[in-house]
Every structure is written in structure tokens, then in C-alpha cells.
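The structure under discussion appears below in the form of C-alpha cells.
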Amino acid sequence: MADKTPGGSQKASSKTRSSDVHSSGSSDAHMDASGPSDSDMPSRTRPKSPRKHNYRNESARESLCDSPHQNLSRPLLENKLKAFSIGKMSTAKRTLSKKEQEELKKKEDEKAAAEIYEEFLAAFEGSDGNKVKTFVRGGVVNAAKEEHETDEKRGKIYKPSSRFADQKNPPNQSSNERPPSLLVIETKKPPLKKGEKEKKKSNLELFKEELKQIQEERDERHKTKGRLSRFEPPQSDSDGQRRSMDAPSRRNRSSGVLDDYAPGSHDVGDPSTTNLYLGNINPQMNEEMLCQEFGRFGPLASVKIMWPRTDEERARERNCGFVAFMNRRDAERALKNLNGKMIMSFEMKLGWGKAVPIPPHPIYIPPSMMEHTLPPPPSGLPFNAQPRERLKNPNAPMLPPPKNKEDFEKTLSQAIVKVVIPTERNLLALIHRMIEFVVREGPMFEAMIMNREINNPMFRFLFENQTPAHVYYRWKLYSILQGDSPTKWRTEDFRMFKNGSFWRPPPLNPYLHGMSEEQETEAFVEEPSKKGALKEEQRDKLEEILRGLTPRKNDIGDAMVFCLNNAEAAEEIVDCITESLSILKTPLPKKIARLYLVSDVLYNSSAKVANASYYRKFFETKLCQIFSDLNATYRTIQGHLQSENFKQRVMTCFRAWEDWAIYPEPFLIKLQNIFLGLVNIIEEKETEDVPDDLDGAPIEEELDGAPLEDVDGIPIDATPIDDLDGVPIKSLDDDLDGVPLDATEDSKKNEPIFKVAPSKWEAVDESELEAQAVTTSKWELFDQHEESEEEENQNQEEESEDEEDTQSSKSEEHHLYSNPIKEEMTESKFSKYSEMSEEKRAKLREIELKVMKFQDELESGKRPKKPGQSFQEQVEHYRDKLLQREKEKELERERERDKKDKEKLESRSKDKKEKDECTPTRKERKRRHSTSPSPSRSSSGRRVKSPSPKSERSERSERSHKESSRSRSSHKDSPRDVSKKAKRSPSGSRTPKRSRRSRSRSPKKSGKKSRSQSRSPHRSHKKSKKNKH
């Protein structure tokens, strides 16, 4: 048994090694080598000593690897193959191939090398095999036993193990036994044993201490970086660790997580957060646009848009992001004013996000706050001191330089040195570092740095005393030497030098206090003025695009996209393009390119882009001017071929517009005529206005149409005398007097005045048109009672006689009364009516222009919309109000005109009465003339005694005709005044009335009067025959 035990142990150990070779990295043998058991100790003691002391001998290592394994591997493989084989085995499978042998040998070499490496580590670490083997320090190769015991208690540093060390861990090893993933340094040095002297520190220990110091400095920097602001005290380690755990970077997130679930996208109820979450951002919006939109409310700490990275996020067609303000107050105002507002056609959805670290300096400062952080302009005084007057008003002119030293010292003592914190972080850190060493080392250090860094531009602030950086450096150094804290200082003005200027320290981070009320009002007042207009940079970009536009597809496409993206300012863009096309000196290719731009914008005006339809509306008002300017350019072209090419390109645009149906065909034909020079813009406007002023043909029909037929077709005695006068005289009376009669107005209202479709403007002039269409005069009504009495006395003979004589005398009457008097009256009435209608049309055009302007302002939002009314109802209400106002003015003018006419009539009637009283013998002369015997009337006794009323009427008509001819010859320019005087004569005779009828176009009455004397025998003969019967 004694012989078997060593051999058996040796055999078992060899089997263990051979199995380790085939087990791909098991660490059981490794554990046996480092920590042997009691049963194996006698058999393992012999090979361990030479392996430990002669590990550098290559031949010994090869013998150690090769000697026991090759002999044992073959019988083991054969036994395994025999145990699991079915049937006969081939001889080829019993022997390993050359490649397998090489791989097996390579594995054995790696295994042996790993064991030797572990034993090498164990020589310095200790014999405890359960712990991880790492480097601690160097030592002697053949160390004594006491030294090994001491090494076990020394501090340990984790070092990443080799790739073989991971394979030697057993599979059932717990995760707690694995080495930590962070660099941990034991700060306390383990105590030495009694009686052992302290050794001299090796290079490895010195390197370890240096690593400790670097790690401490790194931890300190992380603590400083984790603060919310440099003006707050440093936080504890637990706070910094919690912040680092709460705010993982976006880089560590999985790419599959949507942006909506990003850190900060949900309100956690933090009352101090200044971070706003934006949930609905236009994909075309970038960080710069967000800064300009949100920066109006205060300085911004950070702006971030979460750009889509996956197809799913791009399909949403909206982005999200975060905007962090420097203080809570500004963030609350931004949330209140921008939540739900439309920005670039997207409704802004805002909410609170998680707090983010606030940097010392904001990334965006509003222009209203920028002046507080900008340094003052150079003044020429030491340290760039500013006089008090110029500090209040930077635009004030510079004061003249002092003439003597006393004035200079006085100015300098009253000046103020304004300290501004530099915005460049590198320069600010260098200044702070310089101040730290100057305070510690003294002014000699500053002198040495100035001598050494005289050519370094970073240290220029030490030499240039008037720069803002030097002013800040000098103040900060003085403040630290006076006992101020680096984060808090006194803000009162003070004198640094005796009889020197006042120094004004910067405020304690003004960005953390928010914008003042004045700056808030300035930021909000600027917004309405820029509504619907381009910004300065956008206007400059548009002008630059138009200047460099060429007839290329890409250039025109880019310009069209710019126009559609800024469709809110469509009116300004259309004006700018129209102005660019009006310049005659512009080269023809640029003109064609700008016309193509107009065509592209009009084509895309029906696209689903916000406010794109405005271009069709605004271009419609400018296209006439555009093509008029193109016509001027076309006429200035000298070459025939070049002009034809230009013409063909323009006509191509017309054909395309006709296919697109952008505008109606009559409008396109009009534009084409303007371009070809067939129609001028001014003449086109005049021709458009004339038909509206005349309102068609009713005026001519009223003058020349129905009234003549009414007069010719009805017998004289069967119709009222008022109908015999016709339209012109009545219209003249109405033009003169302005007082229409109620009876005639009612009768005329039932007649159709217009024979074409009436326009909406005819409702305004309806009363005046009816008054002008009245065919009777108010003077006829005064004499109507007398005429009715005369007509009752007429007998049946006169009626039949008149009927027979009417047909025979038509031709004579037509020739007799087709005199220039009628034409003159017609022309005068027509001219006056056209003048009146022209004046009224001009007023109506002004009203319509006001209505159009009101509608444009209502649509663009400049005028508020009344609740409960649509746009059309509000426009109609405005038009009715203007028309009512104009009608009231017209009524006032009519009253004044009537008043003046009445005064003139009264004065003329008085004159006429005095004239009639002076001539009382006219009636007697008339009676004598009427009772004189005639050959025909002597045969009838009745006619001699009672003179005929018709003869009297004929005589009166002749006398009145002579008087009217005399008065007309004396007053040729005013025929209406003559007729008015004759009609308004208060004398007993009806001479004025007869004179008026003599000039009328009634052929029956005048014919009867002309025959009253010449055909008296014939008439008396007929009357006598009827009396006999």
C-alpha cells in the first residue's frame, strides 16, 4: 500500500493535468497548483521547487509541459473511443492528424504559460489562492517567508487581468467574488509588523501615490462640475452621485427609445426647474430659430432639439426638444405666452421638464439685455473710464479733451470704470488662475509672467490696460485682496486709487434674476409691428436671391421655396419682386428668371402650405404693372431676334397660366394686350369706368324713346295736357328746381326704368333717376285747372276736325320742329346728367376702395373680427355705413341747392310782377284781335259773338314764340333760365305755358296752333254743317 499511494497520487495528478488540457480553460488545476490539499502535498513538493526557482529556463519549461501529457493522452482517447464506438473503428480515427496535434500542443503551451504566470504573481502576492491575483509592488524573486507574510497584508490595487484569467474562474463563482469595475484606492496604509523596519519606497509605490493624487484631483473637478452654478457652494459626494445617476447622457440610451421618453420630457413637480419641454416642433425649425423665439423672454441656458434617428421618428413629421432658461421667472413667462401658440404652422405644446445644470454664462442673451453685458466704447481715459453723461447715453457725442491738467483730473475723478465679466471661458479661467497665483506669490509673480509671456496673445490682458479683460483682472484681484469671496462681492461703486475714477463692479450674475419690466415690454412691443413682414435678414436674403437669380431650375426652385416658407409676408415679397421687374437696366436673362419665379410661385399657391394662397391675391393686383414694365423693356430691345426670343418666353408663361387656370381667361387676355402694347393701363382704367358711369342704355331711351310714342299715338283731347310735354322739358325743370312731385313719382315708379340687369350701385341713385325720368312739370299742375275748363267748352266739331288734320300735317310738323333748339336741349341735358353721374361714380369708387382696404385689413388680422359676424357680413355692414354717410351728405347738399333756387325764384317772380304791371294793355289788345271779323266766321253768328278758344290759344302761342325767341337770342347760354322765367310768370295770361309748348316736340298741339288762322274758313264751314244737322 505504501508503494501504491505515491504512485496512485502521481497517476491521479497526471490524469488531472491531461483532463485540464482538454477542458478549454477550467481553473480546477489552477486552484490545485496555488492551493494544494494535504493528500497531494507529498507528491507535489518535488516538482514545485525546481519550477519555482528555475522558471526562466526554457528547456525546463518545455520538459514540464511535454513529458507527462503525451504518454497519457493516447490511452485515454482510445478508452473513450472504445466506450462510445459502435461497430469497428478505423485506424485513421485512432491517430490524431497533424493539425489536431499542433492545436493540442498549442493549448498545452498556453496552459503551462498561464500556470507559470500565476505562480509568478503568487510569489509577490502571497499564497492565498482564493483572492484575485494583481500587481501591488515589485520585490525580490526569492523572497523570504516573512516577506511573503507581510505582502499579504499590504494594500491591493485592481489591475485588469489577462484573457487567461477570465477562463480560470469556476462557473459557480458568485458575482461578489469578481473584481470591481471601478478604480478603488485604499487611502490608509496597512500597518507593519512589530520589529520590521520601514522600507524605502519603490518606484511602484511612488507611482501608486501619484495615481492617488490624480484621482483626488479628478474627484474634486467632478464635484465642481456637478454644481448648478459657480455662485453656489459645492455639493456633497452623495448629491453629485445622485445627479450623475439621475441624468444619464443621451449617448448611453438605447437607440430604440423614442424621444418622448427622454429624460426631462415629463414634469416631476420640481418647483425650481427652468427646463421647458417642447412637444410639437416644426421639422424645419432649428436651434437658432428656437433661440430667437424663446430668447425674447430671457437669457437661455441651453437649447436642444431631439432630431429623429429612426424611420419611425421621421414618420411623425414633428420634433421635440428642450429649452432651459437661466431663471424660473423667465421660463414661467415663456410657458404662459407660447403654450398653444402657432409657430411655423405648428401649435407649440410646452411643459416642465427635469432640471438641468445651469452654466455660468447663457448661450443666448436677448438684445435688450446685451447692453448690460457689453463693455462701453473706448473713451481714451485710463482703464477706459466713462464720463457719467456718456455712460447714461452711449450714443452721446464725445466731450472735447480737457485743455489743462486740472480739467483732466476733474473729469477723471468723476468718471466711472465699468467692469464687465469676459464671456470667453478660456480667458476667464486664465484670469482666475493668474489671480490665484498673484495672491499667493505676490507681485513678483505677475512681473515674471509678463516678462515670460510677452509674446503670448492669451496674456495680452496684462499689458493692454484699457481692454475689458484687464479691467476685470484688476478689479477681481483687488476684490480678492479686500476679502471678497470669489462667488460673492460688493456691488457698490468705490475708488481704487486716490483721486481716481469710480469703479463699478459687475452685478452678481444678472441672468439669474430675469429680465426687468422695461425689457419685457420692449420685447413684446416689437412683435406686432413685425407681423406679416419680413425681418431685416430675411429681406436682405430675398434681395440677394433676386439679384443673383438666373434662369436655371435649381436657382428658381430655391427662390420659390424661400417665398413659400415666408408666405406670411406675401405682400412684401410681391412688392419686392414687382419692384425688381420694373428696372429697365436689368439684364434680360434676370428679367426672364424673375418672371419664371412669379410663375412658379403662382403655380404653388394652391399647395398645402400655410398662407400660400395669398400670392394669387397679391399678384393679381400687381400683374398689370409687371407686364406694363415688361412691355417697356420689350420696346427698348434693339435686336429683332432678341426681342422675339423675349416675347416668346413671356407668351409661354401666358399659355402655361391658361392651362393651370390660375386666373380667368379675360384677365389673361388683358395682361397679354398690356404686354403687347395694345392697351395702356391708364386707358384701360378709363374704359372700364365709362360703362359703369352710364349704366347701359336707359338714359338714351328715356330721352328719345317712349315719350315720343306716347305723344304721337294718343289724341290730344283724350289725354291730359301734362303728357304732351315729353321728357326733356320736365327733366330740365327737375334739373333746375330739384323738387320732384309725389304724384308723378308714384306713377313713374311702376314703369320699368332699366332695360338691363341693374347693378348694386343703382340702389344709391334710384331716387334721383326716378326724379329725372318724370315727364311732367309742377308748373303744369298750377295751370291744369284752367286748361280743364277750356277743354270742357270745346265741342265735337273741333275734335273731329283735329283727328282729320292730324295725319295730313305730320310731315310738315316734323320738318318744322326738327330745329336745333331740340338738339341743343338734348345735348345740354345729356352733358349735365353725365357730369352728375361722373361725380357720383367717383365717390362710389372711393367708397369701394375703402371697402377693399377694410377687407384686406380684416383678412390680414390688422382689424379685429366682431364676434357673431362673418367676414362678408362685416364688410357689407361697413359698406352700408359708408353709403349712408354719403347719402346724408348728398341730402344736405340738395337742401342747400333747393334753398338757393327758391331764393332765386322769388327774386325773379318779383321782377316779373313789376314788369307785367307796367304793360296792362296786353289783354285789351288780345280781345280786339280775337273779335275782329273774318270771312268764314261772319257766316256763323255764334262764332262772331263768342270767340273760339283755339284761336286765342294760337295767337298766344305765336306771341309767346316771338318773345321766347327774343329772350333766347339775348340769353343763348342759358336756355333753361328763359323757360323758367316764362313758366313762372304770375300774369293772368298763359303765355309762358304756351311758349314752352311751342318749343316742345309735340307735333299735334303745335300743328293745331299753326293752323288756327290759315285754315279758319275750312273749319268754320265744317262747323256750320254740323250745326245744320
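Each residue, glycine too, has its Cβ placed from N, Cα and C.
The SUMO2 cross-link entry in Swiss-Prot, when matched to the candidates LYS99, LYS107, LYS531, LYS748, corresponds to LYS748. Of the candidates SER485, SER985, Swiss-Prot records phosphoserine for SER485; the remaining residues carry no such annotation there, which does not rule it out for them. Noted from Swiss-Prot: of LYS403, LYS553, LYS749, LYS980, the annotation SUMO2 cross-link belongs to LYS749. Looking at LYS212, LYS829, LYS843, Swiss-Prot tags one of them with SUMO2 cross-link, and that residue is LYS829.
Candidates LYS685, LYS822, LYS887 were compared with Swiss-Prot; the annotation SUMO2 cross-link appears at LYS822. If you compare LYS410, LYS647, LYS832 in Swiss-Prot, the SUMO2 cross-link annotation sits on LYS832. Taken together, the residues in the domain 'RRM' (274-355) have a mean pLDDT of 90 on the 0 to 100 scale.
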